[in-house]
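What follows is one structure encoded as structure tokens, with my remarks underneath.
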Amino acid sequence: MRLFGLILAGGEGRRMGGTDKASLTLGGRLLVTWVAERLGPQVEELAISANGDPARFAGLGLPVLRDEHPQGPLSGVLAGLRWAAAAGADALVTAPVDTPFVPGDLAPRLWLAGEGTCAVAEAGGRVHPACGLWPVAVAEDLAAWLAAGEARVMGFAARHGAARAGFPDENAFLNLNAPEDLARAESLLRKDA
């Protein structure tokens, strides 16, 4: 099993006042660094899905994949699947750039839950479909899904009967969508220190 990883960083950050979330800091470190350090050890190769100037990620030494047709997170997943397939990977594990506490066992738990098919994370009774596992075999179906105007991550996951991998810590998937979410994450860091 060859798992590749992808940090989804192509969003517009509207609820953060239009700020590029990858450039936000938490505990003095970039959000993209938090996710890279947590997801990177779980996968064979790691890349970033982002639009705009890729030079802003140069310090990470990771490939930056652009969306062919920006239509939300699934466009990034498609770019990642094509990259992973070209390199001989079996599946792609994704995590958004604004989930800095993503679990250190995300990839293996998704793989075990899905048994080689699609799988998404679940914690605290909530599904987190952007934290998912996507076999490279679904790439062309995803391209057709996007071409038909569909863009919902959970809709595509359901189309492929995605399994759910349960995680005990709901804070592991704390999504930093707004300034108050970032403040909450800072508070959690102080508690853990």
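Residue 1 is the first one shown; counting continues down the chain.
Even glycines carry a Cβ here, placed using N, Cα and C.
Secondary structure at K21 (GTP binding site), taken from DSSP and collapsed to helix, strand or coil, is helix. Residues or ranges marked as GTP binding site in Swiss-Prot (evidence: sequence analysis): L8, A9, G10, K21, D67, D98.
For D98, the entry in Swiss-Prot reads Mg(2+) binding site, with the evidence type sequence analysis. Its Cβ placed at the centre, D98 (GTP binding site) has 27 other Cβ atoms within 10 Å.
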Intrachain C-beta neighbours of D67 (GTP binding site), sequence separation six or more, cut-off 8 angstroms: G10, S49, N51, S75, G76, L78, A79
For L8 (GTP binding site): DSSP state (helix, strand, coil): strand
Longest CA-CA distance among L8, A9, G10, K21, D67, D98, per record bound to GTP, angstrom: 18
Other C-beta atoms that fall within 10 angstroms of the C-beta of L8 (GTP binding site): 27
All-chain count of other Cβ atoms within 10 Å of K21 (GTP binding site): 22
